[in-house]
Amino acid sequence: MGASLTRCARRHRGRVPSRRDRGFPLRRGRPRVPGSLRVSGPVSQPAEPGSRSRILRAATAEFARVGLAGARVDRIADDAGINKQRVYAYFGSKAALFDAAVAEGFRQLRADVPIADGPGDLVDYALRLYDFHVGNPALSRLLLWEQLERPLLDSTKRPDHHDGRVADYVKGLGDNDTDDVVRLSLVLVSMAAWPAANRQVVMDVTATDSRSVQDLLEGSMRETVANAARAVIDEWRGRSGARRE
């Protein structure tokens, strides 16, 4: 027995005894976890109240400023006060977040600018559109970046953006010529959105400095848009009346 212990001591001299040497059972592979404690799939975390809205607000500001390619998700996350991984958990990718920001802009537009209530409301409708874009330039900037960085999509793939408004125009204006109503709406939208989206051009043409351009947009330019919309609408009414006679 003594000789056997001596040989064992010589064999293990200079190294830490193993579990076998110390008489413990061997562990093979990963330790087993009781079935009641196992978790399959990703661990879902409860959504923080308002976190999606905060992300969209921060994303809208970031994308409007530098576009899709220049935007950084970590900056968006910091501005929203949320973990970067939560941004991806909500939206999947930066491109999908950009599309969601555009869709949110159109949702806000629909909520703030009701459709024209008949021909008599068309000028006021054009001014409501104009006021929205002057007060919310981010949507126009997002759409400019979208033209540069995103592929063109059929309107059927963007139903939330037009929201059946053409049909509402046709019904509300009492004109069965859908194409003519579409052209009218496109002209009104262009007049309402273009000045706010192209402030540099407005400044160049009117010799206005950057400190005064907002006053110009909210004052005399608004009156100009109203007069132009009124002229277009009067011309459309003349054509529409001639068709009904």
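Placed from the backbone N, Cα and C atoms, the Cβ positions cover glycine too.
It is 72-91, from the ranges 52-71, 72-91, 192-211, that TrEMBL records as DNA-binding region. Restricting the average to the domain 'HTH tetR-type' (49-109) gives a pLDDT of 95.
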